[in-house]
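The feature transmembrane segment is assigned by Swiss-Prot to 6-26, 42-62, 70-90, 94-114, 161-181, 194-214, 217-237, 260-280, 323-342, 346-363, 392-412, 418-438 (among others), with sequence analysis given as support.
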Amino acid sequence: MRLKSIITVIALILIMFMSAIESSIISLALPTIKQDLNAGNLISLIFTAYFIALVIANPIVGELLSRFKIIYVAIAGLLLFSIGSFMCGLSTNFTMLIISRVIQGFGSGVLMSLSQIVPKLAFEIPLRYKIMGIVGSVWGISSIIGPLLGGGILEFATWHWLFYINIPIAIIAIILVIWTFHFPEEETVAKSKFDTKGLTLFYVFIGLIMFALLNQQLLLLNFLSFILAIVVAMCLFKVEKHVSSPFLPVVEFNRSITLVFITDLLTAICLMGFNLYIPVYLQEQLGLSPLQSGLVIFPLSVAWITLNFNLHRIEAKLSRKVIYLLSFTLLLVSSIIISFGIKLPVLIAFVLILAGLSFGYIYTKDSVIVQEETSPLQMKKMMSFYGLTKNLGASIGSTIMGYLYAIQSGIFGPNLHNVLSAVAVISIGLIVLWVVFFKEQSSQSKE
C-alpha cells in the first residue's frame, strides 16, 4: 500500500478505537462515578444517554455527507467527540456528565458511520475486504485493551482521566484526516431540497422503537409503541417514495439490500450475546479476571481479520449464498459446542474461532453489498442507515441477551445456555431466511 493508504487505515483504526473502547473502559469506573457524583440508580444513564445520541446521529450523517465533503464531517465528528470527552472529565455533577455523554455520543455516531463509508471511497476490492476486517476487529481488540487500559489509569489517576485519554487520540486522528481524507470520486448534491418531512417521520419511528426497548415499566406501552412504529414506518415509506432527494432512500431497498439489513440486525444481536455475556459468564461463574476473559474472546477477532484477508479467494470458489449459509451454520455449530463445553475456557476460545469466521464474513460482506449495490449518489445515506441497523441490533441484543442471561438455571441449564440457545435459534432463522428469499444472480454467483 502507498503511504497515504496506510495513514488512512491508521485514521480509521483510531476513529473506531475511540468509539469501541468507550463501554469497556468506562464500565470499570461505574462504582466510583456513582459514589462521587451521587448518581444512585440513575448510573445506567451514562450508557443510555450515549447510545441514544449515537442512534440519533447515525442516520443524519448520510444527509450531511450528501451536502458536505467527508473531511469536514469527519473533523466535526472528532471535535464533538473530543469536546464531549473533555466535558465528561470536567464534570462535577451527574447532570453535567450526562449532557457531556450526549455530546460525546453525537460525535461517536458520526465516527462510526465514517468507518463504513471511507473504505468504499479509499480502497478497491480485495484490499477493501482486508481493511474492513482490520477496522471491524477493533471492537474485539478493544474488549481486551479496555479493561487493561482502564485499570491502569484508575490505578494511578481518577476516573476523569478515562475521558481525557480520548483527547490526544482525537487530535492525532484529526491530523491524519486532514492529510488523507481527500477522495476524487466523492460526490455531493448540496443543491437538493432538504427532506424535512422524511426526517421528522424517521425520528418519530426511531423514538418509538427506542422507547419500546428502554421502557421497563408498563409492557403494554411497549406493545403500543411497536404498533405505532409500524404505522409511522408505513407513512414514511409512502412519503419517501415520492421525494426527489429523500432522507431515507426507500427505492434502494430491493430484495438483496433488504435481506442484508435484516441479516445484519439479527447478526448484531448474536454478536452481543458472544461479546457481552461470554466474558460476564467467565468472570462471574468461572472466576476469570477481566483480562483473562478478554483473552478467551480474542480468537474471535483474530479469525475475523484472517477471514477478511482471504475473502476474495473464498468468493472465487463459492457463491454468495453458499458462503452465507456456511457462515450461519458455523455460528449455529459454535453456539452448540460452547453449550456442551461451557466450563472449559480453552474450548470456548477455540470454538470462538468458528464464530469469528462467521461474523467476519457476514459483517464485511453485508457492508460491501450495500456499498456496491446501491446507487452512487445514495451510497453514503444507505451506509449511514446500515450503521444505524447494526447499532439497533446491538441495543436489542444487549437487552434481550441480558434478560435471558438473568434467567436462573432451569430447563435451559446455566444462564449462559439461554444466550447460546437464542444465538442458535437466530442462526437457524437466518439459514431459513436465505434459503427462502435469496435469489442468486449471475453477477453474484462467483464473486
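Yeah, the Cβs are placed from backbone N, Cα and C, and that goes for glycine too.
Stretch with the most C-beta contacts under 8 angstroms to the transmembrane segment (346-363), considering only 6-26, 94-114, 260-280: 260-280. Using a Cβ-Cβ cut-off under 8 Å and counting only residues 6 or more beyond its ends in the same chain, the transmembrane segment (70-90) has close neighbours at 15, 18-19, 61, 64, 96-97, 99-111, 114, 117-118, 121, 160-161, 163-164, 166-167, 170-171, 173-174, 177-178, 181-183, 186.
With a threshold of 8 Å between CB atoms, the same-chain residues lying at least 6 positions outside the transmembrane segment (6-26) that come near it are 46-47, 50, 74, 78, 81, 104, 108, 111-112, 114-115, 118-119, 122, 131, 134-135, 138-139, 142-143, 145-147, 149-150, 153, 162, 165-166, 169-170, 172-173, 176-177, 179-181.
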